[in-house]
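Colleague: Below is a structure I'd like to ask you about.
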Amino acid sequence: MNELDSLVTNARESFARSATPAELENAKAQFLGKSGRVTELMKGMAQLSPEEKKTRGAAINVAKQAVEAALAARRQELADAELQAQLKAEALDVTLPGRQRGRGGLHPVSLTLERIERIFGSMGFEVADGPEIETDWFNFTALNTPEDHPARSMHDTFYVEGGTPEAPNLLRTHTSPMQVRYAVQHVKKHRGLIDAGQAMPEIRVIAPGRTYRVDSDATHSPMFHQCEGLWIGENVSFKDLKVVFTDFCKTFFESDDLVLRFRPSFFPFTEPSAEIDIQFQSGPLAGKWLEVAGSGQVHPNVVRNMGLDPERFIGFAFGMGPDRLTMLRYGVNDLRLFFDGDIRFLSQFQ
Ligand code: PHE
């Protein structure tokens, strides 16, 4: 192979190795640039005779054109490749499903609260809502809870900075303050009837909502839910509590296959008091007693704080844990899952 042929071959190889336009321009400079190999050959003709110049010049020109053609071809190739890559990167796959907005849904505890409201609503209970930042009076004192009661200690109760005993100064530790809050309003509305010795429409209310205690583990969260229930009239007995709560549990769990147990207990605001336990007769939880609520006959002191005469008015209250009910209903074993906000967990309830 003569010198010119190998120069053309070198140029082709060098262009082929250039993977980008910038590399190709560098390679071009080595052959066609000011001190490139083709240019050097041209300069080398200076000493030749006119006759030799003619043939040599023609040969170099042929080689130069071959190099230029190879360069142009490679430029085109790289430009094509770049276009292809760009098209590929910007390609629209019209067969892909469109981007949709995730469909929202209700939180499992909200589902439970709605369910509780529906069931008690069907039994003639109102639904009431109250403040989460409470006063000492509604959270404790009105509920017959003495000053030195352990529940008032900083270990259990979140106190709000700057509060005073008259102004809201704590996060409610239960929904029970709603008993007196609601009853006072109800009594105010019907004061005339009551004082005239006529029948007062019964107080029948539930009050679901958030409650707070200094407590945190797999079964306790510093924020948790409760639902209060209150039924006050002139002739409301513990038997009514049993009937109502049994009915509620059977409807809530969609099962007749469960039994209730009223286990003697103590709360300052009820007397007598009972924990309500349920036991499933079949299914994965069969045989275990599960605590679902605190309850009792409303204490005379509390009835008095409602503005009613405890000799005439009587009734019961209960406080249940919707978080617990949700765990039982869906078989969830860690309460914290409800409040982590993990969409993989939450979306399972939609
Ligand atoms: N408030 C009580 C608690 O948080 C539950 C309860 C409510 C008990 C109503 C009796 C009556 O444990």
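Just so you know, glycine gets a Cβ as well, placed from its N, Cα and C.
Automatic, uncurated: that is what TrEMBL annotation is.
The Mg(2+) binding site feature in TrEMBL is assigned to E271. Residues annotated as domain 'Aminoacyl-transfer RNA synthetases class-II family profile' in TrEMBL: 116-340.
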Colleague: Looking at Cβ-Cβ distances, which residues of the chain lie under 8 angstroms from E271 (Mg(2+) binding site) while being 6 or more apart from it?
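Modeller: G296, Q297, H299, P300 - these are the non-local Cβ neighbours of E271 (Mg(2+) binding site), listed in sequence order.
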Colleague: When the pLDDT values for the domain 'Aminoacyl-transfer RNA synthetases class-II family profile' (116-340) are averaged, what is the result?
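Modeller: Across the residues of the domain 'Aminoacyl-transfer RNA synthetases class-II family profile' (116-340) the model's pLDDT averages 94 on the 0 to 100 scale.
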